[in-house]
Structure formats: C-alpha cells, structure tokens
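Written below as structure tokens is the structure these notes are about.
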C-alpha cells in the first residue's frame, strides 16, 4: 500500500452518503437543521404564497368590480376563492408565524436550537412540498373548487369531478403533518429548554402566545386529519362517509372541520398578538400593561376557542339549545380578547411613544382588529348571524380580523426584527408609505364589504346582478367598485414592502446592536445571531431581562441607563462556554418530506407510485433513526474530532 | 468534475424537464402522462444527484483501487440473483406471483451486490467498507425485512383461520399466542439455553406456520363463508310477516341522530300512525319529495314482533313483466325502533298509491304522497 | 360558457360603466347627511336591515342595539388610542416608570364588557327560542333545494283550499299574516334558504329536514338568494317570496289546481305541445298533459338528471321567473310594474301572470336555444363521467328556431 | 402512521439532555407524550365517526350479524398480553439485560403480528359475508377505524423488530433504555386504544 494517497480517501468514497457536515452554497440551506435558517426559509416560502394568494384575491376583486363580471368564468372563480383562502390560511399566515416562532423562540428563551432540530427541518420541507402539491392542481385539471371549508357533499366525487379536491385534501394532510411536528417540537422547546431562571411567568409574551398556539395546533390538527382522511377515502377509495343516499350526515364534516377550524382562527391571530405585545412595550418604553392578564387571556382564548365551533353553523339547523349555548360561549370569548385590547391601549398610556414603522403597524392592529372583533360580536348574536352569515359582512369581519389583525402584526414583526435577522435596517421612510398604503387599501377593500353584506350580497358569487343591487347611497354597484379599487391600493402597499426588502438587501443601513432599545433576550446577541445563538446562556432574573440589564431605577425612582447593549453582550462573551455542541445537518428530513407528495400523487393516480413514495418515507425514517444527531468524525474531511465544537468568536 | 456518466444523466434530466414543460404547455395534458413525466424527471434528477455527489467513480479514474487488489469477501447475492432468475423463468410458464417473486429477488440481489461491490472498492479498510455498506443498506434492509416477516406471519395465520371452523379458530388463536408466550418464558428462565436450540425452535415454528398457511390456502375458506359470499344473504330483504333466517338475525333496535327523519311511523295498539317532522299531530298520510332519499323511523310499541314494509310501485323486470318494489325493516320487538330509507322517483298516480304497511296486519297503512 | 366578445358586448360594458359612474354622483356630492336620507331611499332588495315580517323584525330589534353598543365601544377604543398617540408621543420626557399594571383596573375593565355581553346574551337566548317556536304554525310548505333552483310543494291543506298537493318553483307564494313553516331539505348538496326581509337563513341539508318560519306583513315580492356555496351556479340560485292577501292567495291556489287545458287544435301552441312532448317531457312534468293516445305523461327526470328532479312546469306562466329565478319571465317594464306596485294593487298584478306582450322573449328563447350558455351548468357530456352520463342542469337541446317559436307559444298557454 | 416512526427517530434527536431540561422530563419523553395526546384526538375523531354511523347499514349487514365476539375477545386478550411482554422488555432494558430485552421485544412483536393476522382474517370474513368497504356507512367507518388501529399496530411491530436489529448491531444512538421505553409507551397506547375500540364497537351494541 505504498501509494495509498492516490486512492480514494474514505470521505470522498462516501460521497453523498457522508453527513453534509461541511455546508456551503445551496447545501447550507437544503440540509440545514439550524432553526434560524429554517425560520428564514419558512418566511420566504410564506411570502411567496402571500403573493400568490394576493394575486388570486386581485382577480376575484376585478371580477366583482362590475356587474356580470367576465374576467373569470364560474368554475375558475370558484377555484380562485377556494385557493385564495387555502393559500392565505395554510400557506401564508401559518408558515409565517411558524417562521417567526422558529427563528425567535430559541432566542427568546435563551436556547441554542429547538428540541428536535431534524424534525424542525422536516416540518419546513413538508410544508413547502405540501403547498406546492396543492398548487400543482392548477396544472393538472383544475384546483379545488369547494371553498376552503370544503363542505360535504359538495366536495364529493360527483359534485367536484376534477382532481382539485384530491390535491387539496392530500396537500393539507402534508401541511398538517408539518404543523403537528412543529407544534410538538416547539412545545417541548419552550417547556424544556428555557434559560436558567426563566420561569413560565418570565417568558416573553410572544413565546407565551406561540406556546398557546402550538397547543391549539397539536390538538386541532388531528381533527382535520381525520376529516381529510374521510374525504380522501371517499374520493379515492369509494368510502361512503358523505354519501347522503347511503344515509350519511353532511353535518359530520362541518363539525369536524370547525372543531379544527375555529381553533385555527386563534392559531392565525395569536402569533400576531404576541408580536405586537413585544413591539408596543419596546416603543412605549414601558412594560406590557398587565402581563399576567395578557398571558391568561391568551390561554383563556385557547381554552374557550374549543367550545365555540358551532357558531359557524348557526344557520345549519342545529336546534335552539345548541345555538343558544354556542352563542353565549362565543360572546364569552370576546371578553379575553377585549382584555388584550385594553392592555395594549394601557401600555401606550403614559408611555414615551416612538412611532417607528413597527409601532405604526402595531397601533394599526389595535384599531383595525377592534373593528373586526366588534363586528364579530354582532354575529355572536345567533339570530343576527342568520342574517349575516355567508354574506360579505362576514368577509369584512374576518378580513378585519385576519388582515387588520394577523397580517398587520406580522408586518410589525418584519420591521421590528429585520435588523436582528439580517443585520440591516429596513427603510423606515418606505416603511411609512408601506404602512399607509396597506392600511388605507385594506379599509377601502374590506370596509365597504360591511355595507355589501348588510345589503344582502352573499359570498362566493362569481357574479352579481344589477337587479339585486338597489339604488341610493348603499347600492351594491358603487361599493363593489370601491372595494375593487381598494384591493389595488393594497397591492401597491405590499409591493412597497417587497421593494423595501430589495433596497435594504442592496444597500441598507447596517443595524446597530440594539436599534430599538429592546427588552427581551433575542437582542442579547449579535445581529444576525451566531449559529449557536449565545456564547454563554444568560441567567434570567426578570421579565424583560435585557432591559433590566441596561436600566435601573436611581434613588429618585427615575430609570437610568447603567449599561449599553454592547456592554451587556461583552459580559456574555467574556463568560463564553468553551465547547458548544451543535447538531449536524442531515439529508433525511428532506428525503422523508419528499416522499410525502410522491405518496399522495400515487394515491390520486396510481397505487404503485404511492407504495414507492411510502418506501422513500420508510427508508428516510430508518436512515434518520440510524443516524446519530451529531456526525461522527469520519464524516469530516479530513476526519477530525474538533468540528462539532464551535470556536467561540468574540463580537463587539 | 463531470464524468461521462453524470453528463449523460444531466442531459437526460434536462431533456425530461423540457419534455415535461412542453407537454404541460403545448399538449393537452393527461394526468397519467404528467405523472409519468414527473416520475421520469424525479428519477433522472435523483440519479444525477447521486452521481454528482458520489463523483461517479471520479476517485478511481485511471487508477486501480487498492481494495480491488484484495480478494473480495464471499457474497450470497449472486446466488440469490440466479435463484431469482430461475423463479422468473418458472413464473413465465406458471403463475404471475412466482414471476413477481423472481423479479423482486433479482432486484434485491442487484442492489445488494452493487452496493457491496462498490463499498469493497472504496478503501483498503474492510471494517470501514462494511460500515459504508451498512449505512447505505440498513435503512432499506431493516424495514423491508421487518415488513416481509410480518406479512408472512399475518398472511399464513389468516389463511389458517379462514380455513378452519369458527370456534376452533378462537382456540387455535389463543393456543398460538400462549405458545409464543410460553416459549418466551422458557427462554427467559433458562439463560443457559444454546443459541442453536433457540434458532431451531424459531425455524421450526416459522416453517410450520408457513406450511399451515399454504395448507390453509389449499383448503380454501370454510363452508359458511363460501356460502355467505355466494348468497349475500344479509343484504337480501325478506319482507314477509314471518321471521327470516338471515335478514332478521341480529336485530338492531336503537338508532342514533334522529334529525334526518321525514316522519316517525308508530305501531300502537294495532294502529299505524304517522308523525311528519315539524307537523303537529298525527297523520294518516305523509307528503314526501320526489327523487329524494326519505328517512322514516319505525317504532314498534305493540306487543309482538312486527316489521314496516314500504310498497314503492312496480319495476319492469322484462318486457310486459313487472315486479313490486318493496323494502322493509327487520322484525322489531316491542319498544324497538329502526330506520327505513327509500327513494321514490315518480309522482303518485291515482289508483296505485305508495303505502307503508305492516305485513300480517291487515287494514293498517299510511299513504305516501309524492307530488 | 365562453362568451363571445362582440361589439354589443363591449357597448354594454361601457354602458354599465357609465351607469356605475352615474351612481357615484350622489356619493361624490353627498355628505354625512345623505347617509341618513339614504337609509330611507331604495336600498338593495336583499337589505338585511329592512324587516317586512315579524320574524325578521325580532332579529332586527335584537341586532340594532348590539350594533349601537359595538359602535360605541369601537369609538371609545379609537378615542383612547388616538389620545395616547397624541398625548404620550416622545417629546423627550424621561423613561416612564416601569409599572406592570393595575389589577383593580384590569378586573374592572374585564367585568364591564362581560356584563354588557351578559345582557346581550339574555336577549339573544330569548330571541333564539322565540324564533324556533313552531307550535302556532298555520301552513306548511316543503322547500327542496337542488343545483341550482328551489322547488316548493304544498301538502294538502283544506283550510287554504289546497285539496291536492301543489308543486311549483322559482317563486314561493304565501298568504300574508300567516305563520308559514318551511320544511327544508336538498336533493344534492347543501343550500341555504334566505329571504332577508322575512327571516334569517336556514340551510337546506340533504338527508335532514330543517325548519324555518316566515311570515309577511304586507303583500309584495321579497328577494332572496341561496347563501350556502353550492357549486358552479351558486351565484345564480335566487329566490323570490311572493306574499298575497288571503283572498288573492285563494285565487292563486285555485289557479294552480285548475286542470290542464290543452291548446286548441291547429294553433301554433298545439304544435308546440308536440315539440314539448317529444323534447321536454323526458324531464319536465306538466300535470295533466297526455299523449295522443290519452295516456298521462309521467316525466322521468331521474333517468336523465343526476339529482333526479327538474322544475315542474305546470302553470309556468303564473310565475314571473324561470331557471332558478335567474331570469325574469317578464320584460323589465312589466317586472318593474309588478315589483313597484303598492300593496293594494300588487295581488291583481301578480295574479295576472305572464301575457304575451309582457313575456321576456330574449332570455326565454336564449334559454331554449342553449341553456348552458346562459347559466353555468354541467351539461357537457365530457363533464358527466362522474355521474354516469346524467346531467346536472339543463343541456343544450339543439332545438330549431321554429321549434323554439312553437314552444314559446305553447309555454304561454301554461297559465 | 409516519408519526409513529418518527418516535423512533426522535429517540435520540436531542442535543440537550434531560439534565438540562426545565421540566425535568427529557425532551423525547415530553415529545412522546404530546404525540400520544394528538393521537388521542385522531382516534377520538374516528371513534366519533363510527359511533354516528354504526346504525346506518343501508342494504349491508348489521354489526350484530357479522361480529364474532368470542374470536375478537380472544384476539383482544392476545394484544393485551403483548403489553405485558412489552413491560418485561422495558424492565430488562433498564436492567441492561440485553438478552431478555431482545427476547421480549421479539415476543411482543410476534404477539402483535398474531393480532394483526387475526384482524386480516376478520376483515376477509366480513368481506365474504357481504360487508365491503363501500357497502354502507357502518362498513366504511368500521374498516377505517379498525384499519387505522391495525396500521398503528403494524408500524409498532416494524419498530419493535427494527429496534431489536439495532440493539443487536449496537446501532441505537443515545440511551437504550429510554428508546425501548418510548416504543413501549407507544405500544401501550395502541393497546389501550384497542380496549376502547373493542368495548365501544363490539361489546356495546350487542
């Protein structure tokens, strides 16, 4: 063996079968298990689907701008509103919130990663493939056309003969798996991996809200999983679950869907509540008013949210007792929601307000969400709801809640956390334009829908007719046109945000270490954070730990700065841990996630393909199980034992 | 860095991507075609990826591998491959199952052989080569071996159960489970037991099970199941006044969720009454919708067993010959209730009304009006 | 379903735009004052805030105060936020005291909304049970939804002179001041029956019977629309409830029970009857219609249409709409005449039915020429694989123009 | 089905040991309990569907016409026994007795396979008696519910056998005892679900 050097070294012979430990270029992203990279990928994916869903919405509004619209035909219109809702709910708001949670939960609780990093990576890829899978249906005979609620029996093989609903049901199943794994992962992370001293009641409010959301997800997703299985078995394997001729009860689907669907509403909104509960105190220079009340009201919303699902079914003939009970429970959930609004307002009260773009979005949320919440109260009154449900009034209501609430909250989060994630400041001036275009656009679009609904225009109509439009101030023609114009203003607003990202990426201002005077742990590290987040895990003594390391009360009871952010960071770095153990990247998450859409495609078109997909998943699962979480030395090139420990680099 | 092999695969991947795009855009796409092309695309890109990653023999280009100079380790895969080929040939002239087994065996041999050969060439270190082999193949071997093992047990076992008598089945079942447990206890309390003995027990048990399974397959299903499959006797409604052997077996007496009922029909003191949902009082006729499944609840409040029978007009069985269309509930004891669902496609015509009645109880009927 | 874009189409679009812009005028000129005035002006026919019967009235008197309370609370929040924004903006004041809240204030501000909601809850509770009361029902109508039209059948009811069941579609006719119970169900997917002026909506769920009650105070036409998404032509599934005085209702019933009158021999209508027998009776029933040999015609929609039923066309011209109330049988002028008449003259105008000069020839002929082009339906054989070739909606029958001429003449006799 | 395999994967997918956890439970254990919580809702949904539809037989056989209670009682007992052998495997793993751990894992898997074999027999018999998957609401919901459970058992068996192989080849990363315990937890859960299903489906309507 004289010339052994000429032969393949072990590592190169392993080729693809080596752990992807040395990550460069695209591999750095595709095989990563780093929660921060995954968070960014979640957000990019969500942003992509936001644009897709937004374009669908614009087409819908253009179709309805004038009577007897001809831009879309009935079939395409039905697909459009189905996919608009599906995309926005499952592929934009949920993944965007998941992205924020992924990125910031470990940072906020002082952890170096999530509890199960590979499952985290798997969750992201499953979501991405699920989303693409659903949208694949556009090219394979038409998308789902039954509405995002997909009521049986209209979703059955007779009434929706294209494969759209199959793609929808299976794609959501994949996305559901992603949500479920993500939920378990984040719950374990939050409960188990907090920094020393961080008691539950010292956790940042965003972490709290995400915890509530993940519990909601963990228990809501299995219910929709059952519903989707029933639907898929009926459509693909001839089961009879929603076949009325066989004696089926169509309300079964509605109950299953809404037992999931109502908690889902809180799943969408609570992350944004968490975000603005971080933003408002920072820019008011005082702690969140009534922190325990906000925490408990969030938890209360989580609990009561399980007992209100039938308010989506007031018109379905449930019987007076159920209707009355669900009506009352729905009113009850308005109380904890109101508590939050009160607390936010009182957080502003007596503060020292700094109107950054993030703050503007947060204040916008308070006002617009309140409108949505109050219109919600009007249809918690069941008899009143029978006049309003399935009209544009409801469309107005939930867009005020979801756009005015969830989306504005997410945008607030973008502006607030952008310097943390990318080390550069988003342009504040453009941000202000962005804010006003979005707020005005959203009020122009969804405000008139209150009128349209109360004037009796039902939802999901591909055309409206002048015969039923009326005259006078409240005529449908005028307000439909205004709503359509408003949607274009909204498009400009979102476009400005994309421009802002672009400009910032090209030539943005480098962010200072602590641009906002922030209060929580995620700011106690560099911008962007190092791969291992913290050089040494801080010990937590307060809610708003970072603030209390920077400020203290002097003898007169005045808050005085005692340390700069740089000094706080320096202190952590000086005590850096010598060896930090980080998990290695892995191929298996993406392999398993890839097996899911292959299996689902097989379920629709040919069973052998499904078996093939199943084998990919099985192989991936075992490959995963046999793989240690940290790569052995032989996986390194050259083989080495020092790679798993990071050298701690001092910054600042 | 690109070897001829990877170039070839890159080209074929590109080609399949282009053909997929063209197919989707230009040709009116059929679903199967799209899946086929996507499948091609996925397969070729996977292969391309693997070749690029493994650098496709790049390492040994122009060189002889050190390991190749050593004698290769003994391998059973050529034998398995040959056996698979033999099975394949036998299968072509006998049954397709054997043919499929042959293909599976050949495929398995091919994969194992290839990986083994490749791993043995990767370095001079035999232990390291084995590790490579394991890393590639263990994720496949473990689940597949486990799945095959389970499938053999389940299949053989269920064939035996299907072949033998119902009561004997339960006894055999518990006996088998007891045997498994006992063997477990035996082995666990006798740690000095030789491995070869344990292995022999396992092999004998497995062979016995497979043999019994094949025997069970040969015997076929037990008599009553064969008869049941031929006659479909639970679905065959016998609507007379007297008890039917199969249809009236296992009467179900309670119902859940009554909200779908058009009407409730009750038999009280020999009188048949109707109560349509939402309408106050009792009626002697009910109006139902055309071509809509009608759900009726029948409740027997009379002493004795009765069934409700619905006369739904006539159906033509051949030219000039027609037959009464009748459906009915089971014979219900006092206090029991049951659903009756039917659909009437044609409106009522005078002279031959649709009716609900009790077989064996003359003079009591409820008219069903279809406007 | 593809609409051919031609000059007239474009012209009508321009027209539409001018009309819409015309409507903008009062708005552009208007101020807050017009809002109050406008609430008395002619709103959309499906306005949910203009109850015309006791059921809708109960809902209205419950919801208006709720709207008011919600509005006031909204204003308070907006005012508090605005005040904070102005008052507490950063003017260089020192960092405020890090107070973590005020539990007493919190609890107060939790209890107040809870109390308000409790009061609303009590009234809601009462109204829910009130609206669900059925014991005083005076008349029952079975309502059946189907893609994409509604069928109404009136079971025999001697009190109202309904000696045998009446079946109709498109317009629900009820006597005023009568508590009518609708027993709703569906033949295919879920629909929802909604006449805003008379009551809230109630879903028509296949396999279930749901109960809804309506009662109209005044004679007139009340518009409504299917509000549960029911597939392709959901937007075109409309309904109209017609309230007639008790006397007029009796006349309407008598007309519906009138036996079939065959058109006179030798007329165009008689030829139309032959076309109808050949083409239409495969699905459409006309009660009393007989073949040449005197056998009654029983249509077999169950053999041709997936949901198993199509509108019964007996006394078609006593109705004002067709094709699931998507189109009017009356010309726009005649329609306006009926819709805008006062409650005293309404009954007579409605009962006059559709006469030849008032017939909306354009839509009716267009429909007979090619129905799926006028209303999206599953009538293309390529779409019918899932239903085994059965239609979901009316197919294009390929009638010749002369057949259409004859059919129109015949249909006009179905009064 | 996938989730259950995931447990195996999670068994060592943690880089922060139990020593550091804020709750004192290891990440894997906490995650497993949460997973089983979600499984409860999954089976809850399926059981509710079955309860709603069990009386809706259309023209197919009724539950009481086809069920063979003595046989199913026996097979339920076998599954219950496998829980006992699983307990033995877990306790052996804690005692670091590899031989016994391997033995009891295999015995558990064999008992599980016997149960699934019984289920396949039962399904075949039902099919022959006229109760196909599409026959009625009752049959569809029965097959989906019990089928889901059967798939869970099968996945459990695959995990048991694979675990046995991994233990033998020394391939289990992380704590062996904990990995065996996690799979045991899953196995017990599947057994408990069966007891509920058996009671609700087979015993109550009789």
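Cβ coordinates are placed from backbone N, Cα and C, and glycine is handled just like the others.
Unlike curated records, TrEMBL annotations are generated automatically.
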Worksheet item: Taking A:84-107, A:516-539 as the choices, which stretch does TrEMBL tie to transmembrane segment?
Response: A:84-107
Worksheet entry | Annotated range (TrEMBL: transmembrane segment) out of A:15-39, A:40-64 | A:40-64
Item to complete: With pairs restricted to those 6 or more apart in sequence, evaluate whether the transmembrane segment (A:167-193) and the transmembrane segment (A:251-276) have 3+ C-beta pairs under 8 Å.
Response: no
Fill in: Among the ranges A:40-64, A:321-341, A:353-377, A:473-499, A:591-624, the one whose Cβ pairs under 8 Å to the transmembrane segment (A:251-276) are most numerous
A:353-377
Worksheet item: Does the transmembrane segment (A:353-377) come near the transmembrane segment (A:473-499), with 3+ Cβ pairs under 8 Å (pairs 6 or more apart)?
Response: no
Worksheet entry | Contact ranking winner - A:40-64, A:84-107, A:119-140, A:473-499 against the transmembrane segment (A:591-624), Cβ under 8 Å | A:119-140
Fill in: Positions whose Cβ lies under 8 angstroms from the transmembrane segment (A:119-140), at least six residues beyond its ends
31-33, 35, 38, 41-42, 45, 49, 52, 79, 83, 86-87, 90-91, 95, 98, 102, 162-164, 166-168, 170-175, 177-179, 181-182, 184-185, 586, 588-590, 592-594, 596-597, 600-601
Worksheet entry | Tertiary contacts of the transmembrane segment (A:473-499), as residues 6+ beyond its ends and Cβ separation under 8 Å | 50-51, 54, 57-58, 61-62, 64-67, 411, 414, 430, 433-449, 451-452, 455, 457, 464, 466
Worksheet entry | Same-chain residue ranges lying at least 6 outside the transmembrane segment (A:321-341) that approach it to Cβ under 8 Å | 273, 277, 290, 293-294, 296-298, 300-301, 304-305, 307-311, 314, 366, 369-370, 373, 376-377, 380-382, 385
